Amino acid sequence: MNKCAIILAAGQGTRIKSKLPKVLHKACGKEMVNHVIDAMRNAEIEDVNVIIGKGAELVKERTTSRNVSYSLQAEQLGTGHAVKCAKDFLEGKTGVVAIFTGDAPLIKPETVKNLVDTHINEKNSATLLTSVIENPTGYGRIVRNGESVEKIVEHKDCNEQEIKIQEVNAGMYCFDIESLLTSLEQLSNDNAQGEYYLTDVIEILKKENKKVGAMITDFEETLGVNSRAELAKVESIMRNRINRTHLDNGVTIIDPLNTYIEPEVVIGKDTIIYPGNVIEGKTVIGEDCILYPNSRINNSTIGNGVEIQSSVILDSKIGDETTVGPFAYVRPESNIGEHVRIGDFVEIKKSTIGNNTKVSHLTYIGDAEVGERCNFGCGTVVVNYDGKKKHKTIIGDDSFIGCNTNLVSPVEVKDNTYIAAGSTITKEVPEGSLAIARAKQQNIEGWVERKKLK
């Protein structure tokens with residue numbers, strides 16, 4: 001059976017009060033519409049069409065990497081009108097189409113798959129996704145005749161019996177494509193709002209004695225976002241869901257309510273995460289790590305047995321058994337080896353640090369290639385920028401860099417060298433040598449007494 005999907009993403013979302021189209025607001029680091037697109041793909045639906053309207057070009061820009069097609073809804077004239085705008089996408093297709101909203105990022109792939117499978121197995125013309133809730137005020141009620149759906153009744157139109165129904169319409173559907181296209185031609189906007197409603201398709205199908213079914217799911221999954229408060233609620237649920245998955249997989253999260261982990265993060269078992277950590281993007285963290293409070297890690301790979309304290313690591317790689325922090329800053333394109341010490345107030349930028357090297361405190365290393373088993377004294381600075389462009393520094397294995405050393409790039413320090421504290425190095429340091437580049441100390445006896453006399 002051929003399957004495709006339509007995602008409704010044309011609205012501006014006035015209640016969210018933003019210049020950004022509503023569906024591009026992020027939940028746990030990913031645009032809401034991309035959460036929904038990914039749910040379709042993970043439910044084995046590859047052919048996805050996004051209905052765009054307000055901010056169309058920006059929505060295209062933010063979703064283009066997901067290889068979807070687009071249909072333009074120039075005027076927002078209701079959900080039925082939105083689907084009519086996808087007529088060119090649907091025509092010529094056979095099979096089924098799932099229709100979901102781009103502002104409901106909590107929908108699970110397994111729910112999408114179950115809805116489509118239910119629709120196909122029951123041979124329905126339409127299948128609604130529904131939820132049973134304690135307080136259904138404001139929601140359209142699902143009126144059933146046995147297992148079949150008889151109609152959807154809006155809250156304001158309910159009679160005494162219908163108002164008691166707790167099963168409500170989630171606004172997400174699966175349709176037989178041929179039945180949907182035929183019904184869309186019959187849609188009318190003869191209502192107070194002058195809009196075309198997708199729910200009216202259900203009424204049209206029932207009049208034609210077509211079979212309409214429903215599948216109940218957790219109401220939480222169907223929550224839509226119309227305001228910043230609702231976005232915060234949805235994101236809180238998503239964070240809890242993400243953290244629970246890691247807990248179930250053997251990760252210790254000491255305070256899940258105060259730990260932010262984005263959905264594509266991978267964490268190995270027996271890793272311990274303290275409160276206040278922010279782990280973003282496609283970060284991969286190994287086993288047996290300890291993340292002490294208040295670090296940010298973005299799009300980085302962290303090895304096994306790594307300890308990180310109150311530090312920032314961006315787009316970089318940290319090797320096994322390395323310690324970072326407190327208050328270290330590892331900037332993009334850095335590659336830190338195994339058993340390395342990156343200490344307090346150390347900044348590493350676009351550099352490679354070899355295994356067993358120690359950079360313990362108050363040091364800047366930029367655009368450098370550092371060998372193995374090196375030691376950096378406090379206050380070392382790699383002077384990589386000449387005011388116009390950056391230059392590279394190479395430091396060989398087993399080198400000892402004394403405190404308050406300036407390495408003026410481009411420069412190379414060969415293997416097994418020592419640099420005296422306070423030196424400013426501008427030339428190559430040969431292998432096995434000691435480099436001293438500082439003014440000779442001069443003591444002026446009696447100077448203080450003479451200074452006082454003046």
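Every residue, even glycine, has its Cβ placed from backbone N, Cα and C.
Annotation comment: Swiss-Prot describes His361 as active site, proton acceptor. Its Cβ taken as reference, His361 (active site, proton acceptor) is surrounded by 19 other Cβ atoms within 10 Å in the chains shown.
Taken from Swiss-Prot, the feature UDP-N-acetyl-alpha-D-glucosamine binding site covers 8-11, Lys22, Gln73, 78-79, Gly140, Glu154, Asn169, Asn226, Arg331, Lys349, Tyr364, Asn375. The DSSP secondary structure for Asn169 (UDP-N-acetyl-alpha-D-glucosamine binding site) is strand. The Cβ of Asn169 (UDP-N-acetyl-alpha-D-glucosamine binding site) has 23 neighbouring Cβ atoms from other residues within 10 Å, across all protein chains displayed.
Annotation source Swiss-Prot lists Mg(2+) binding site at Asp103, Asn226. The number of other Cβ atoms within 10 Å of the Cβ belonging to Asn226 (Mg(2+) binding site), over all protein chains shown, comes to 14.
Cβ-based neighbour count (10 Å, all protein chains) for Ala421 (acetyl-CoA binding site) stands at 15. Feature annotation from Swiss-Prot assigns acetyl-CoA binding site to Asn384, Tyr385, Ala421, Arg438.
Within the model, the region 'Pyrophosphorylase' (1-228) shows a mean pLDDT value of 95, rounded to a whole number. Taken from Swiss-Prot, the feature region 'Pyrophosphorylase' applies to 1-228, supported by sequence analysis.
Marked as region 'Linker' by Swiss-Prot: 229-249. Residues 16, 25, 27-28, 105-106, 220, 223, 256, 259-263, 265, 267, 269 of the same chain, all 6+ positions outside the region 'Linker' (229-249), place their C-beta atoms under 8 angstroms from a C-beta of that stretch.
Taken from Swiss-Prot, the feature region 'N-acetyltransferase' applies to 250-454, supported by sequence analysis.
For the pair Asn226 (Mg(2+) binding site) and Asn169 (UDP-N-acetyl-alpha-D-glucosamine binding site), the Cα-Cα distance reads 17 Å.
Ranking the binding-site residues Gly78, Gly140 by C-beta neighbours within 10 Å puts Gly140 at the top. Within the set of recorded positions Lys22, Arg331, His361, the entry lying nearest in space to Ala421 (acetyl-CoA binding site) is His361 (CA atoms).
Taking Lys22 (UDP-N-acetyl-alpha-D-glucosamine binding site) as the reference point, the binding-site residues whose C-alpha atoms are within 10 Å of its C-alpha, out of Asp103, Asn384, Tyr385, are Asp103. Under 8 Å, Cβ to Cβ, and six or more positions away along its own chain, Arg438 (acetyl-CoA binding site) finds Ala420, Gly422, Ser423, Thr424. Of all the recorded positions in the list Asp103, His361, Asn384, the shortest Cα-Cα distance to Asn169 (UDP-N-acetyl-alpha-D-glucosamine binding site) is found for Asp103. Maximum intra-site Cα distance, acetyl-CoA binding residues Asn384, Tyr385, Ala421, Arg438: 22 Å.
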